[in-house]
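Peer 1: Annotations for this protein, taken from TrEMBL, read as follows:
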- 41-59: transmembrane segment (TRANSMEM)
- 71-90: transmembrane segment (TRANSMEM)
- 102-121: transmembrane segment (TRANSMEM)
- 127-145: transmembrane segment (TRANSMEM)
- 157-179: transmembrane segment (TRANSMEM)
- 185-205: transmembrane segment (TRANSMEM)
- 226-246: transmembrane segment (TRANSMEM)
């Protein structure tokens, strides 16, 4: 009888916090609803990744220089994508409202894909496919770790937040050094720090998606899918850049 009540209740209420005597927040989520939510998250994330990889593979295979055909600087696309992501993250009324959320999410996907096209043309198709394969395998492994590993061996919110802040400040400093000094070694360090940051964030994101944190993820299907897509895109670009710097310094 309790299960029937929960199934009906969660049509309108996705998470119910209870506060026991210890004041620990417990989120009760119907397992069936959680399973459907995860399927939607990973399905949309896979669609976004495929939609982004198709033009990248075409650009890499044909060696089509997007920068020569499009006079817009690539930094413009990344700034627009960052703006859309910021609006999506900081404005709940747009994050959970159709069609605003879909417009912002698809905008991020499109502009990040355009940004990558400016650089992918210089990557041979074999290296790109290998980068995609490695990124996909890492993404799956890290998500499985976040979903099934004991919480004691996974980074908690405080640890993740501190390391994220440290890496973010480091990336800002490295970006300034790259622009001012023009030394490519800073680009290699930038890609390494960014790759490390993404590897750290994926298990934490997986804990949120799988309902292992003290917050219900159910209203945030598109946000979770977009996060997976962004992590995947960053890993592919970082892995491709590692090959570039390897050949450069070889």
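Cβ coordinates are placed from backbone N, Cα and C, and glycine is handled just like the others.
Curation does not apply to TrEMBL; its annotations are automatic.
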Peer 1: Could you pull out which residues elsewhere in the chain have a CB under 8 Å from any CB of the transmembrane segment (71-90), counting only those six or more residues past its ends?
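Peer 2: The answer is 101, 104-105, 107-108, 111-112, 114-115, 118-119, 223, 226, 230.
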Peer 1: Within the same chain, where does the transmembrane segment (185-205) have neighbours whose Cβ lies under 8 angstroms from its own Cβ atoms, ignoring anything closer than 6 residues to its ends? I mean 6 or more beyond.
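Peer 2: Cβ under 8 Å, 6 or more out: 138-139, 142-143, 145-146, 149, 154-155, 157, 160, 163-164, 167-168, 170-171, 174-175, 177-178, 224, 227-228, 231, 234-235, 237-239, 241-242, 245.
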